[in-house]
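Trainee: The following block contains the structure, expressed as structure tokens.
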């Protein structure tokens with residue numbers, strides 16, 4: 001009897017962390033089903049969000065090209081896009097409760113692929129078959145690579161299974177790998193913020209690294225909040241724990257600051273560069289955060305980890321090729337181009353300047369702001385003199401020109 005009870009007693013004395021690690025992720029079929037549900041929810045959410053954003057964009061373009069005086073928020077197309085956007089974000093939010101963080105984050109490449117396909121289908125330009133193949137060959141190759149990378153991510157992604165209870169989240173929050181990761185991330189964030197604010201280093205990599213570091217904390221807190229909500233729905237209440245509200249506040253705060261830096265980046269750089277570089281940096285930072293906080297790759301063999309890394313690299317290359325083929329916006333010109341006027345001859349070929357050079361102010365010719373210029377360089381004025389009525393038949397000029405001397 002004592003020999004038969006000793007194994008069970010030893011198993012009960014194992015710590016909670018050892019018992020959680022001892023579960024083999026690939027032998028649990030229920031965990032695999034949950035990962036598949038989370039991946040499908042993430043793909044569905046990103047696909048619907050991409051369709052929603054393109055619907056809202058189509059609404060703005062249609063109003064701009066017509067004489068409809070209505071505002072964009074009074075159209076059914078814009079509201080349909082908004083409802084679809086909310087539905088897509090709810091799908092992505094729900095996916096974090098089922099699948100590991102490192103599996104869900106790289107699936108945002110689906111939105112880039114969907115936007116590229118929608119842009120090609122609803123394109124309004126006239127093109128020939130040869131020009132279409134030459135112009136969009138990079139997009140097709142990029143979409144294919146992104147699909148292959150997504151398949152590898154779903155197939156060889158981490159298959160860990162752990163309920164997001166308040167006890168588990170607290171245990172992960174005070175673990176030494178995550179504390180070390182947080183220390184390195186805080187130091188890196190402060191250094192990048194110093195160079196960005198104090199040294200005016202407005203490089204796209206620095207801004208998007210700030211976004212990526214904030215985004216890694218956002219997805220960590222999103223998974224915690226979504227997982228605790230799911231466990232509460234299943235019957236075990238977790239919403240009365242203080243760690244839930246701590247994670248909720250951190251999620252909202254990091255999301256707001258992340259949107260602020262993204263808005264600043266969009267004012268300085270092209271959206272295609274932001275999409276490709278931001279996707280690569282944010283995905284890398286989020287996978288690192290998931291590996292240190294939730295121990296996503298604990299118990300995984302080397303083959304699965306290598307194939308998962310290969311899937312990430314292929315998805316990165318696909319997104320880069322898709323965004324590289326996008327058209328760059330035409331920069332704003334604060335003067336009228338004489339070449340664009342019908343019937344006007346082109347004078348640039350003869351070396352004659354038609355318009356003045358672009359300076360600090362959006363003005364040209366004598367309309368330039370001359371407040372800071374010396375008085376001697378200011379243009380001469382023509383003072384108006386009231387008309388003086390003389391004898392009949394003789395009228396005085398309505399104005400006279402005052403000649404300025406060099407001294408004046």
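Using N, Cα and C of the backbone, Cβ positions are placed for all residues, glycine too.
So TrEMBL lists the following for this protein:
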- 388-408: region 'Disordered' (REGION)
- 36-56: transmembrane segment (TRANSMEM)
- 77-97: transmembrane segment (TRANSMEM)
- 103-123: transmembrane segment (TRANSMEM)
- 135-154: transmembrane segment (TRANSMEM)
- 174-196: transmembrane segment (TRANSMEM)
- 203-231: transmembrane segment (TRANSMEM)
- 243-265: transmembrane segment (TRANSMEM)
- 277-296: transmembrane segment (TRANSMEM)
- 302-322: transmembrane segment (TRANSMEM)
Trainee: Taking the transmembrane segment (302-322) as the first stretch and the transmembrane segment (174-196) as the second, find out whether 3 or more Cβ pairs fall under 8 Å, excluding pairs closer than 6 in sequence.
Mentor: no
Trainee: For the transmembrane segment (135-154), what are the same-chain contacts with Cβ under 8 Å, counting residues 6+ beyond its ends?
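Mentor: Non-local partners: 36, 39, 43, 103, 106-107, 109-110, 112-113, 116-117, 120, 127, 307-308, 310-325.
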Trainee: Against which stretches of its own chain does the transmembrane segment (243-265) lie, if we need a Cβ under 8 Å and a gap of at least six residues from its ends?
Mentor: 166, 169-170, 173, 204, 207-208, 210-211, 214-215, 217-218, 221-222, 224-225, 228, 274, 278
Trainee: Ranking 77-97, 103-123, 174-196, 277-296 by Cβ pairs under 8 Å to the transmembrane segment (203-231), which is first?
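Mentor: Answer is 277-296, with the largest number of Cβ pairs below 8 Å.
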Trainee: Does the chain bring the transmembrane segment (277-296) near the transmembrane segment (77-97), so that three or more CB pairs sit under 8 Å (pairs 6 or more apart in sequence)?
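Mentor: No, the transmembrane segment (277-296) and the transmembrane segment (77-97) are not in contact.
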